[in-house]
């Protein structure tokens, strides 16, 4: 179908317009960061409905997350409503408003689940299945692995024995089990897991594939050998400039001849390389050279450095790639084949038994969703089934968001339900391979890359490719600097995609023309003589200084108004690769009293309150675990002192367990009687809880512990009590989650928690910070994807990449399979095999490529300004980075492949055009002035020494002052002693006032007077209300998604706060539009709409009170006030026994010079039989007379005007006071 011509004045760019209307073939939209892909996707769906007349439920829209799906469906629904209002007679649009609720806008997992629920009979499974939690799934999988390994121990096949010798230790099979588990997850990410496992042995058995692996290594080694040859030639050129270095030149000449032979004919002669020695030692330098001028001495050092680089590169190739002869490597592969085949057999056994266990428990996991869906959609020969054909007929288009994060199974599912081939298909894909950062979840970016390379701009003969490159998020300085970095860093060799004109970012946001350069801040660490802080702590303090500087000097631009506002805390985000720096940052921000929140999924199990409960549970499960038993005794619950524990141990120093020592101490006649009683009470508790745990689920045991010892109340009263309380409730809810699994009992729950900890499935502290809270945030790059912030501080750049997996004896790769090191069982020695060397090299390349993509995601989160924070031990290392080798317009491939961290590359790229000391051959071909505007960096590079950071000075001064004070006190200065005594003896003259609140709400005053009228002591009631804490109703007991009455009340007040008042009244349609507007502005949540009582609001809109307000001269909403109680109550002047009153009035309007206030009430009330409306009105007036009297008196006091009031009850109507 032809793309319609774009009219004049539309907001869409040409590429966006094509993305909205291109059809008739598969379409791949490469949408760069901030290019408006979600808006384009929504518009395409809308145009399919409006222009093409397609029903919304005949489109399949696949998103990456459930949140994205909900947001997408809401946007589409909103657009359909707008279109329906504009064309109320359109029957098609009316149908869409109904069908949107059945529309398939969901994650692929949700689609698969629906498919299974509708066609479970094909699978021969019970339709009443449930989805297992991840932790339950892992526990069951590990249980299965244990059982399968035990079965194979009974068989004792020779290959199995060799596997255990290689992959297990004398103490445990943990590594062996971990490899089996990894292989299982890799296999199920393929459409045919069994076939994938069967193919693992092929490279070990077939010489043709072994030859391919040798060629792969040869190609990889060429990068390093070529770089080595370049370094050798540079060394030769530098030595040629000097006198008295003939011997040096002779050595280098010999090396050049050797290298020429290795590279002869453009091929790498591996046998020659491995059969000869390279990197002969250079002669000592003569005194004549050492006494030469400074330039010559520098040249000598550079020459030696280049020769050293040449030698290290050759050594790397020989040690990493070709440490053994090719024939030996092939022989090793043959010997490894039985082990690899047997390992695959074990994994298939695990898969079979794991599936059997899941079926017996009637549970499915997310992998089952995908594979069962495939089973439904395909015949045995892999062709689409009849069901698949029916879906092909039903779905007129399939739209996939975040396509770069799909895997091979998901790709197969999509291919089963799409129609046609690429040149005439109905598959629309949107994504950005530069933001593919989920390889650990088995995402396969090669799917996107293959299509990107295959599809064409005009779509001739294949699919159509569209590049969305215009960025509407960031300032041009952020974009041009990002482009410059990636044009020199990313290509097909490292990064897996070419960063060219099609891939780069183009400026599209309407910012003003002010200059906002990117800031690269390099912190040079202070040594131990100048600071007691570690390097990480120094960086944390430095980041705080940057935040303070932003808050003091930077402003945020409002594109709509064209004006600036001051920066606030919530405008700033700190991005890091992981949460390793979180604790240091928390402390640094706390020291400066700056509100700070870590958006972390880590640290939950390290919180004091959570550790206490876990120690309690572990001690109950097994009191012979000393660390947990003693931890519980020392806790705030039992408060045993160190000297008491010492007394217990002294009497029984040889006991294996502390529990035994406690029992022995109680029975010892010499024991302290008071301590014995305390211990008896403790053991009684332990035994009581043990008995209780046998008959009750874990969550009830936790609940009993909380109630018995007032755990919630205690931790709620500490600093950060809100978060601590949430953490305790969170653990309680995790116990509920566990109880809903197929496991039971305290021991299994502890295993459940241990598995979460081991897998890094920490939950972070329970989140008590909302998206609009004014705090500085820290989050990982992964969690920031899709978000944007005015100020981004990208720190931790100097933290090395995590290459731990590359050191494992087994390397896994989706494309190539399994690379296992060779292990000589007799000699108990391990060697890299041909497969493990090749796959390890491939894995390292893929790892560095994904780390580059993480950098891209981080840089493109910034709207206004970007701060890059690097850290070095000393400034000398910066010179080495400036002199990294280049190849054309890129940092050399070998330099990129071996880069240890992001800073290594970023600093090298950005510093090359600014450093005067870099020789021309180490500079990029294009001078900075020749670079086009869209890629010309605007960056300030600052080298900061931590000794100069003001925070350090402050810390030092505080420390010095504290020491001086201590010394003065210790020296016994009489004046100081007298001053201290005076302060300690001081009697506060207003003790009684401390028992009264200095500030009270109107509601609190209302309760006070009601209590006094009933003859009850208000002080006692107030203390009870403040001190007593009860559980909030847990989410698991609430109806799914149902709000509580107080939450609905708040929601209704929020709607009323923004409700427009029009003389002609607003219609029901306009009311829906107005509420959708509140959702769009994030004033209320999207899912809150269903809880808004539309009929009650429409009743108010049709009321006389609404008309009166609409005709008022002035209207004020949500007016807060603070006033002296003495003025309101008209107390005598000088009466100091008063408080400040604070409150909030819902609405005030002015009519004919009189001020009226309105208070909305969502109260429900009981209409007793026979009561008239007048009687109910009187009852309601009496209920709120005190509160209303305070409102009236307060306003009269403040305004000095006549004030009247209304109460409006949504369930009753208007009452005038």
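The backbone N, Cα and C atoms fix where each Cβ goes, and this holds for glycine too.
Listed features, source Swiss-Prot:
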type    : residues                       : note
DOMAIN  : 10-475                         : domain 'UvrD-like helicase ATP-binding'
BINDING : 31, 32, 33, 34, 35, 36, 37, 38 : ATP binding site
DOMAIN  : 476-786                        : domain 'UvrD-like helicase C-terminal'
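Mean model confidence of the domain 'UvrD-like helicase ATP-binding' (10-475) amounts to 93 (pLDDT, 0 to 100 scale). Ranked by how many other Cβ atoms sit within 10 Å of their Cβ, the binding-site residues 31, 33 place 33 at the bottom. Of all the binding-site residues given, namely 35, 38, the one with the smallest number of surrounding CB atoms inside 10 A is 38. The 10 Å shell around the Cβ of residue 37 (ATP binding site) contains 21 further Cβ atoms across the protein chains shown.
Remark: residue 34 (ATP binding site) has 471, 472, 473, 474, 505, 788, 860 as non-local neighbours, by Cβ distance under 8 Å and separation of at least 6 in sequence. The DSSP secondary structure for residue 37 (ATP binding site) is helix. Report note: the ATP site is defined by 31, 32, 33, 34, 35, 36, 37, 38, and the residues of the same chain whose CB lies within 8 Å of the CB centroid of those residues, excluding them, are 40, 432, 468, 471, 472. Cβ neighbours of residue 32 (ATP binding site) (same chain, under 8 Å, six or more residues apart in sequence): 432, 434, 467, 468, 469, 470, 471, 503, 504, 505.
The Cβ of residue 36 (ATP binding site) lies under 8 Å from the Cβ of 16, 468, 472, each of these being in the same chain and 6 or more residues away along the sequence.
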